[in-house]
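**Student:** Pulled the feature table from TrEMBL, pasting it below:
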- 41-74: domain 'Connexin N-terminal' (DOMAIN)
- 129-195: domain 'Connexin cysteine-rich' (DOMAIN)
- 22-40: transmembrane segment (TRANSMEM)
- 75-96: transmembrane segment (TRANSMEM)
- 117-140: transmembrane segment (TRANSMEM)
- 171-190: transmembrane segment (TRANSMEM)
Amino acid sequence: EWGFLGGLFDSLQAHSPMLGRFWLLLMLIFRIVILGTVASDLFEDEQEEFACNTLQPGCKQVCYDMAFPISQYRFWVFHIVLIATPSLLFLVYTMHHHNKSNCKFNPRYREDVRLRRLYILNVVFRILAEAAFLVGQWLLYGFKVEAQFPCSRFPCPYTVDCFTSRPAEKTIFLCFYFVIGAIAALFSCAELFHISVKWFCAGPEPSKTEDSGISDNLLNVKQEEGIKKEKQQE
């Protein structure tokens, strides 16, 4: 449902700085759209097209499991879901915050600080997840899908040669998603530095309601002191 997904990204974009919007652009176009339109057709028959030069029952299955412990397509889908979940939780909290913004007992400045801290936690989790998935992709697949894969795992009777389907295309996708992940991690690090300098290095700005409340209290105190002095003089 692209309409529902676009509405969520519009809501996230309204609460994100400029660097966060670039990360959303990378997430939407270079990951979700390409993964849903191109990569799904490329990886849908990878297990069927994985062939080994033996007819031993079970050998092909164990060799495929050894060559690809996790399918690249499912690995990237899990990556997108894990990274998008904190952003969606932050969006739910901001919507809840705006629904209660008209409450008289809701201090505006404290809620804004809380939203900023939650957004910073979201960015920190995003950076850690990006780094973890980059390392995981490198350990699982490297940067190249081999066309020939030797396998000597039981129940194969001897070392058999297995062959993957379309290794060149899959190698291009591996490198492409690794580069996109590295760029997204750099954008997230730059966004964390930017919002930290912008939100924490600048002094807190008291709201107008707080200033008016403080001035009213001072006037009341001065009036009470003047009345006490007049009574003492009398």
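Note that Cβ sites are derived from N, Cα and C of the backbone, with glycine treated the same way.
Curation plays no part in TrEMBL annotations; they are all automatic predictions.
Set these features in their place in the structure for me.
**Tutor:** Over the domain 'Connexin N-terminal' (41-74) the predicted model carries a mean pLDDT of 84.
Summarised by DSSP class, the composition of the domain 'Connexin cysteine-rich' (129-195) is 41 helix, 8 strand, 18 coil.
Non-local neighbours of the transmembrane segment (171-190) in the same chain are 19, 22-23, 26-27, 30-31, 39, 42, 72, 76, 79, 123, 126-127, 130-131, 133-134, 137-138, 141-145; each lies 6+ residues outside the stretch with a CB under 8 Å from one of its CB atoms.
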**Student:** Mind checking which residues reach the transmembrane segment (117-140)? Cβ under 8 Å, same chain, six or more beyond either end.
**Tutor:** 15-16, 20, 23, 69-70, 75, 79, 82-83, 86-87, 89-90, 93, 174, 177-178, 181-182, 184-185, 188-189, 191-192, 195-196, 199
**Student:** Hey, which bits of the same chain come close to the domain 'Connexin N-terminal' (41-74), Cβ under 8 Å, at least six residues off its ends?
**Tutor:** 35, 140-141, 149, 151, 153-157, 160-166, 169-170, 173-174
